[in-house]
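Only one structure is covered here, and it is reproduced in the block below.
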Amino acid sequence: SQSSANGDTAGPRRDYLSWEDHFMAVACLSGQRSKDPVTQVGCCIVDQHRRIVAVGYNGMPTGCHDDLLPWGKSKDPTSMDSKHLYVCHAEMNAIVNKNSATVAGCTIYVALFPCNECAKLIIQSGIKEVVYLSDKHRTKPATKAAKRMLAKAGVSMCQFESKRTQITVDFDVDLMD
C-alpha cells in the first residue's frame, strides 16, 4: 500500500495534486500529442464542478494528413508553406470537440496564453476564466489584442503558479500496489 508523505499508511496522502496542478498537467500532457516540431500547446477546459469537459492540442484539421501540410514557418507573406495557415490551436480543438453541451462558465487551462483568434472563440463560447502557464508572446500585437478583448468581455486571466516545478507520469505498474 502507498504511504502518505508523513509515512502513515492509515491516513490519506498529503502530497497529492491540487486541482489546479492536475488541470494544468492535463493541458501540458495534451500538448505532447502535437506533432508541431517547435511549439506543443495543450489545453484543458473544466466546468464549475471541476469536471474536465474538453482537452485539445495544436494540430492539423481533421482529415488533413499531418505529413501532407507544412509544419514550418515562412517569412514570405504570399507563401502557402507556413503552418500558421493550417494549424488549429489547442483552444479551438478543445472548444469544438467538447464532450458537453456547452463550455459557458468554464475555466480553460492552457500552456501558452491564447492568441487573438482563440480569445475570440473563448469569449464567444462563454468561457469565464483563462489560466495560462506561459506568456512568452506578451509583446506581440496578437497577444495584446487577446488580452484587451478578454478584459473587455469580462473573462478573467490568471498566470498559473504552483509549488511544483514538474509532475512525473510513471508507467511502472509495480508502483501501484
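Heads up, the Cβ atoms here are built off N, Cα and C, so glycines get one too.
Predicted automatically and left uncurated, TrEMBL annotations should be read as such.
Residues or ranges marked as active site, proton donor in TrEMBL: GLU91. Feature annotation from TrEMBL assigns Zn(2+) binding site to HIS89, CYS115, CYS118. Sequence annotations record features per position, and here TrEMBL assigns domain 'CMP/dCMP-type deaminase' to 18-150.
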Self-check item: Cβ packing number for CYS115 (Zn(2+) binding site), 10 Å threshold
Solution: 20
Exercise. State the three-class DSSP label for the residue listed as 'active site, proton donor', counting H, G and I as helix, E and B as strand, and everything else as coil.
Key: helix
Practice problem: Would you please pick out, from the recorded positions GLU91, CYS118, the one with the fewest other Cβ atoms within 10 Å of its Cβ? | Solution: CYS118
Exercise. Starting from the Cβ centroid of HIS89, CYS115, CYS118, which together make up the recorded Zn(2+) site, report each further residue of the same chain whose Cβ lies within 8 Å of that point, ordered by sequence.
Key: ALA90, GLU91, MET92, PRO114, ASN116, GLU117, ALA119, LEU121, ALA146
Quiz prompt | Cβ packing number for HIS89 (Zn(2+) binding site), 10 Å threshold | solution = 22
Quiz prompt | Segment-level pLDDT (mean, integer) for the domain 'CMP/dCMP-type deaminase' (18-150) | solution = 96
Practice problem: Return one of helix, strand or coil for CYS118 (Zn(2+) binding site), based on DSSP. | Solution: helix
